[in-house]
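Novice: Submitted below is the structure of interest, expressed as C-alpha cells.
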Amino acid sequence: MGLWPWLTGALLLLLLLVQLSRSARFYAKVSLYCALCVSGSTLAAVICLLRHGGRTVENLSIISWFVRTFKYVFGLRFDIKGRQKLEVDHPCVIISNHQSILDMMGLMEALPKRCVQIAKRELLFTGPVGLIMYLGGVFFINRQRSRTAMTVMADVGERMVRENVPIIPVVYSSFSSFYNYKTKLFTSGTIRVEVLDAIPTSGLTVADVPKLMDSCHQAMRTTFLRISKTPQENGATARPGSQPAQ
C-alpha cells in the first residue's frame, strides 16, 4: 500500500476529530496560528531585508501588514475607538494590557507606523518570529536578570519624565468570549479597542514614576472592565506592558 492512502486516512481522521472535539478544534486553530506566525515571519523577513537591508523601525509597517491579515483567517474583528489619539507628531509612550498569544494581532491593528517595542529576550530565540522582531527594531530585555530589566524600564521612565513625554494607554477588551485556553474555546469574535487620552508627565520627577504607573494601571483596568462583555469569565485584569513610540 502506498503512502497516499495513509495520508488521506490521517487527514480524514483529523478532520473528524476537529468536528467532534472542542479541544481538537482549539489546538488545530492554535497550531494554524503558530504556523501563520512562522511562515508570515519568514516571508516578511525576506521582504524587510530586501527593502531596508537590516534592523530598522521602518520594517514595522511591513510586519504589521502581515499580522493584520491573520484576523481574516480566524474571523476576528477589531473595533477601535480613539485611533486618532495615536496620530501625534512627537514622542510618546504607549502602554497596553496583555492577555494571550493573540495580543500581537491587536497591537499591529492599533500601533502607529514608527514604534519601538519592548519584549522579553526569550522571544529573540523563536526562529523566524524572533528574527522578524529583531528586524523590526524590537528592544529585548532579559526578565531573568531583574537588574537589567529594571535598568531598561528605569531608563524609559527617566527619559519619559525628563523630556515630559506623555503616556497613551491602549486597552483591549477581554478575549474570553471567543478565546479561552482553560475551556479550549477559540471561535470568531470582536475585540473592542479603546485609546485613552494622553496622560501628561510635565512637571513630574523620577520619584513620581511609580505613582504615575499606578494611575495608568487603574485607568486601564476601569476601561477594560467597561468594554469587556464577560470579564468575569477569566478574572483578567489589565497588566500594562510598554511600547515606546517615536
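In case you wondered, yes, glycine gets a Cβ from its N, Cα and C as well.
So TrEMBL has the following annotated:
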DOMAIN    92-175  domain 'Phospholipid/glycerol acyltransferase'
SIGNAL    1-23  signal peptide
TRANSMEM  33-50  transmembrane segment
TRANSMEM  123-141  transmembrane segment
Novice: Short question: which residues 6 or more past the ends of the transmembrane segment (123-141) have a Cβ under 8 Å from it?
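Specialist: Long-range Cβ neighbours of the transmembrane segment (123-141): 37-39, 41-42, 44-45, 48-49, 54-57, 59-60, 63, 116-117, 148-149, 152-153.
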Novice: Compute the average pLDDT of the predicted model within the domain 'Phospholipid/glycerol acyltransferase' (92-175).
Specialist: 81
